[in-house]
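So the structure is just underneath, and the comments pick up after that.
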Amino acid sequence: MNPRVFWGSSLIALFLLAGALLAPGTSDIVFRQAQAWVIDRFGWFYIASVAGFLVVVIGLAISPAGRLRLGPDDAEPDFPYISWLAMLFAAGMGIGLMFFAVAEPIQHYSAPPEVEAGTILAAREAMVITFTHWGVHAWAIYAIVGLSLAYFTYRKGLPLTLRSGLYPVLGKRIHGWAGDAVDIFAICGTLFGIATSLGLGVAQMGAGLSYVYGLPNTTTVQAWLIVIVMGIATLSVLSGLDRGVRRLSEFNLILAILLMLFVLVTGPTLFLLNALVQNFGLYLDHFFIRTFTLYAYEPRAWMADWTLFYWAWWIAWSPFVGMFIARISRGRTLREFVIGVLLVPTGFTFLWMTVFGNTAIHLDLGIAAGAIADAVRADLSTALFGFLEYLPGPAFTSTLAILLVGVFFVTSADSGSLVIDTLASGGADETPRWQRIYWCVVLGAVAMLLLLAGGLGALQAATLVAALPFCFIMILLAYSMVRQASADVEGAIISTDAAPIRERLKRLFTPASRKEIEQQIAVNGGPALHSVRDAMIAEGWADTQVDQEGGTAVITVGSDSDRRFVYRLTPQSRPLAAFTALEASESRRSREWWLSAQAEGRKSRDLTGFTANQIADDLLKQLEQWKKG
């Protein structure tokens, strides 16, 4: 545990909770005033930042940096391609899609920001706006954080925390108060982002129980629902049932897909397929306009309730989702990462929103005669259940929807507490169980007290305000990522001079033995490393040492385990090429040995036959790239 981060973020959260508990009415007013202040002064900043994040991730993907791997240059992906895509697909599913799948398209259809309500034009506009809010902009935000975490953790060997992504800017100061502040802001933003999702989930569960079973949907009932569901999440941590919760989450994902297919089949199927294609075309057509729309010439409160709330919500969620996609993406190239993260979840989300949103609008224009829109205007959380009334088996599908939201609630709380605990513990993989229980309790308390203080409006306001400081941090993460990737691309272009011609010809027809490679390390490699070490010590680099034993040689620069340079010379073997094997002696026809030179985090190079000066030159080139990084 990092005490400064743990207690710093805890005190901020407890201070806000105390205010909400002691003066709920006043805290609601404070949250809304803070929201109005942020929107008035920083609405442009949110819009410009999200557009910038999208430009950065696409730029990294199409640039030469797109070939860099999230790990050493020769790293293999941890998961097969199909499994990785499936996990990205799962990352796009959650409470938000359950809550807004019907509510948002219907809301924009019945109360659009620009066009006449309840018209065909409003229906088209509603889907464009919904696609914009749930499309590549959201996943560009997640991609910035996920890329930063994966790149600096797997390629540079730094801890799995947000502060690591700022090493190119802060240097060793990431281990001081500046790094602590970064992680504290990340934790607070994540707390309110996840608490907002939990608040939406419990509001929808309460509405569903009231709609289907007639239970009162009061804040007291919602508070008890939070206690029950958070209790289940806490028990999963206590009993070590994390694997069971993950399996439940996978099963829940299957049920959600089945529910979507049910709506697709029992709803206006052909219309939905046509609408999906047209919605995508309209999304592309309006892409740039919607990206930068702020209603500067005709200010509207609509922006705060929708676009700005969403951008803040995604920013607050970014450490949570970013850490998940970082953990599963080791070994992928930057290009693979960006394409997969931007397109796979977005594609599924577009399908989901079309199936539910367009079906709801179709029904409202037809047999519902405006009843679904009236229900949404009365209470957003009842939208899904009012919609299911117009499809076969409403009692069963509504109960299934309540169950789906409940399980997403449990898994979000369970996984969210893990992410926050990781951030508060300096990226540690194993932490005391009580810490995750503590963060489970804090998450539940934040969601409950914000609901009691002012309902969904308070949740939205708190999220929009809490995300602001972390947005500044994300800009620094994007800058650091571009700077580091550019330096690494320059390093990848640098190639070492080839071995002497006679030595290359000799190795072409007579493969080396292990003994010969060890002799080369002893005669050329060791002296090369010692000469560089002596020169560095003379220049003031006292923390430089060379270790030479067992046929290997290693030079280490720096004592900081998080930021040190390590260069190794080791004998390695590989299967012989068929031509060389035929020409080799009987004892050497299976494998050949070669001299591997590898700077930590970079691809190994073959220096077989190189002289001491050539090895020293290769070492200095790698050292130069390390210094640039």
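Backbone N, Cα and C atoms are what each Cβ position is placed from, and that goes for glycine too.
Quick look at what TrEMBL annotates:
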| type | residues | note |
| --- | --- | --- |
| TRANSMEM | 43-62 | transmembrane segment |
| TRANSMEM | 82-103 | transmembrane segment |
| TRANSMEM | 134-154 | transmembrane segment |
| TRANSMEM | 181-203 | transmembrane segment |
| TRANSMEM | 223-241 | transmembrane segment |
| TRANSMEM | 253-277 | transmembrane segment |
| TRANSMEM | 308-325 | transmembrane segment |
| TRANSMEM | 337-355 | transmembrane segment |
| TRANSMEM | 400-424 | transmembrane segment |
| TRANSMEM | 436-453 | transmembrane segment |
| TRANSMEM | 459-479 | transmembrane segment |
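Looking at 253-277, 337-355, 400-424, 436-453, the range that has the most CB pairs within less than 8 A of the transmembrane segment (134-154) turns out to be 337-355.
Nonlocal intrachain contacts for the transmembrane segment (436-453), taken as residues 6+ away from its ends with a CB within less than 8 angstroms of a stretch CB, comprise 10, 13, 16-17, 20-21, 24-25, 27-28, 31, 191-192, 194-196, 198-199, 202-203, 219, 222-223, 226-227, 230, 233-234, 237-238, 413-414, 416-418, 420-421, 424, 459, 462. Contact between the transmembrane segment (43-62) and the transmembrane segment (337-355) is supported: at least 3 Cβ pairs lie under 8 Å, counting only residues 6 or more apart in sequence. Same-chain residues lying 6 or more positions outside the transmembrane segment (400-424) and placing a CB less than 8 Å from one of its CB atoms are 1-2, 5-6, 9, 93-95, 98-99, 160-162, 183, 186-187, 190-191, 194, 197-198, 201-202, 204-205, 208-209, 212, 229-230, 232-233, 236-237, 242, 245-246, 248-249, 252, 255-256, 259, 319-320, 323-324, 384-385, 388, 431, 435-437, 439-440, 443-444. When each of 181-203, 253-277, 337-355, 459-479 is scored by its Cβ pairs under 8 Å to the transmembrane segment (308-325), the top-ranked stretch turns out to be 459-479.
The stretch in closest packing with the transmembrane segment (253-277), judged by the count of Cβ pairs under 8 Å and taken from 181-203, 337-355, 459-479, is 337-355.
Within its own chain, the transmembrane segment (337-355) is flanked in space by residues 57-58, 60-61, 66, 70, 84-85, 88-89, 91-93, 97, 101, 104-105, 127, 130-131, 134-136, 138-140, 142-143, 146-147, 150, 260, 263-264, 267, 272, 275-276, 279-280, 283, 325, 329, which lie at least six positions past its ends and keep a Cβ under 8 Å from the stretch. Below 8 angstroms of C-beta separation, residues 16, 31-32, 34-35, 38-39, 42, 45-46, 49, 52-53, 56, 141, 144-145, 148, 162, 165-166, 169, 182, 185-186, 188-189, 191-193, 195-196, 199-200, 304-305, 308-309, 311-313, 315-316, 318-319, 447, 450-451 of the same chain, each at least six residues beyond the ends of the transmembrane segment (459-479), sit close to that stretch.
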